[in-house]
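Noted in Swiss-Prot for the protein shown:
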type: ACT_SITE; residues: Asp223; note: active site, nucleophile
type: ACT_SITE; residues: Glu286; note: active site, proton donor
type: CARBOHYD; residues: Asn88; note: N-linked glycosylation site
type: CARBOHYD; residues: Asn123; note: N-linked glycosylation site
type: CARBOHYD; residues: Asn247; note: N-linked glycosylation site
type: CARBOHYD; residues: Asn290; note: N-linked glycosylation site
type: CARBOHYD; residues: Asn313; note: N-linked glycosylation site
type: CARBOHYD; residues: Asn319; note: N-linked glycosylation site
type: CARBOHYD; residues: Asn499; note: N-linked glycosylation site
type: CARBOHYD; residues: Asn507; note: N-linked glycosylation site
type: SIGNAL; residues: 1-17; note: signal peptide
type: SITE; residues: Asp348; note: site 'Transition state stabilizer'
Amino acid sequence: MKAVIVFCLMALSIVDAAWKPLPENLKEDLIVYQVYPRSFKDSNGDGIGDIEGIKEKLDHFLEMGVDMFWLSPIYPSPMVDFGYDISNYTDVHPIFGTISDLDNLVSAAHEKGLKIILDFVPNHTSDQHEWFQLSLKNIEPYNNYYIWHPGKIVNGKRVPPTNWVGVFGGSAWSWREERQAYYLHQFAPEQPDLNYYNPVVLDDMQNVLRFWLRRGFDGFRVDALPYICEDMRFLDEPLSGETNDPNKTEYTLKIYTHDIPETYNVVRKFRDVLDEFPQPKHMLIEAYTNLSMTMKYYDYGADFPFNFAFIKNVSRDSNSSDFKKLVDNWMTYMPPSGIPNWVPGNHDQLRLVSRFGEEKARMITTMSLLLPGVAVNYYGDEIGMSDTYISWEDTQDPQGCGAGKENYQTMSRDPARTPFQWDDSVSAGFSSSSNTWLRVNENYKTVNLAAEKKDKNSFFNMFKKFASLKKSPYFKEANLNTRMLNDNVFAFSRETEDNGSLYAILNFSNEEQIVDLKAFNNVPKKLNMFYNNFNSDIKSISNNEQVKVSALGFFILISQDAKFGNF
């Protein structure tokens, strides 16, 4: 049976595939933008981005066609993990502003027709949160808000109850003298895991959602959900065989600490809160897990779980069939009512351009915008920002710091979190201060929004062009078909019965290719050139059987009867 499954999955990468007619849910052609507040715009000159800075730049979202943006954590926090260690879920960290500033941002966004959602971090709190401090003292009802265990005695010595290893490495258990017990933390020791088997914890976290929804927020991006429940039998996890170092996260197979079935019931309870409100509220799920476990989130109330295939399944060395498989797998295994989505990057990864190079990064951006469903953009990727070198001395990310001077560059996420490059002025227009929390990329003189607005071939103007096309009601009706035109060229079409068709041709190889577009059914002989990454002077093609595609080249063709696209 395994062999059959593997064969079927492999076959998806080479056969023609089509999805038609396109269900209503696939017409949710939205663009979602991730704001990393520390690095977006500094309004007060302290070198750290803030809420007022985001408000100042809302028109940027409008210009690039964004429908909804989400804020990475802005809550009070000791900043051990840059806001993902929350000490108060219902307030704002002073470095970002005040809760009044946040209310004003919500109002300003809504006035411009933008939706705004918050990062919600339900798996753990900060160890400085009042709940944990009371739990340390064994005060009811907080004594059972976290997962405590007395450990076990081995050779006369007390040791952690299991061999579980945290995401950042080291034991997932830490001892506290106050409780004479170990507490669980799947991330940093300063991030104790909440106990969702305690219904009072779930009630309190549901109330956090209500607090922000009542203030006008349109929903949440929910962080790290696969870790939210554990197997309470506290069994040792089997060893992976990948390493002999018990302090490395890959030392064990996470069968008791990840993807526990009860997780999905918690998600449903979160959705129940969102459904209490008359206006539609959104829930976007972060879950790094396998495809089948990811797809289950659709059935438990998620608008969609993030599709991390561009992050997990392909690299700079991937070939065209890998990209076809990526698309086909998601579209095939997504439930009929699901909304597809495409996530090229986020704050935990190297930047898109640094992972793939500029031309392949442009191709991936093109795919994210022109495939059906939701395109998710990480701040700065719309202008092709790349990773910034950060020295060991200037490293801020705890994941990098914990790796030590010799290994920090392989672990630190700082290079992808540097200030947005607005223009070529001081600190790239991010701040009036030359001393920013992370250094600005030295390429900001040429890679910046102001410069790219003036260059018709820039990354930003490409993004705008495709975003505008995505918004066309006729384009939203278009069915999806995927093809391999040869071993090196992946193509997909968006076809309608009466309103025209689009053909995206992408050569991921380093050699020029000649392809026959008649691999698509009823493709017109003559097609207009909507976009060409290497030759913007070509306006059309008149022979669809012998089409040249430059090395690392791609172009978008539109039928002459199309009611979308501007010519």
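Including glycine, each Cβ sits where the backbone N, Cα and C put it.
Comparing the residue listed as 'active site, proton donor' with Asn313 (N-linked glycosylation site), their Cα atoms are 16 Å apart once rounded. Within the set of recorded positions Asp223, Asn247, Asn290, Asn319, Asn507, the entry lying nearest in space to Asn123 (N-linked glycosylation site) is Asp223 (CA atoms). Taking each of the glycosylation sites Asn88, Asn290, Asn319, Asn499, Asn507 in turn and counting other Cβ atoms within 10 Å of its Cβ gives the largest count for Asn507. When secondary structure is read from DSSP and collapsed to three states, Asn319 (N-linked glycosylation site) falls in the coil class. Secondary structure from DSSP puts Asn507 (N-linked glycosylation site) in a beta strand. Take the glycosylation sites Asn123, Asn247, Asn313: by the count of other Cβ atoms within 10 Å of each Cβ, the lowest one is Asn247.
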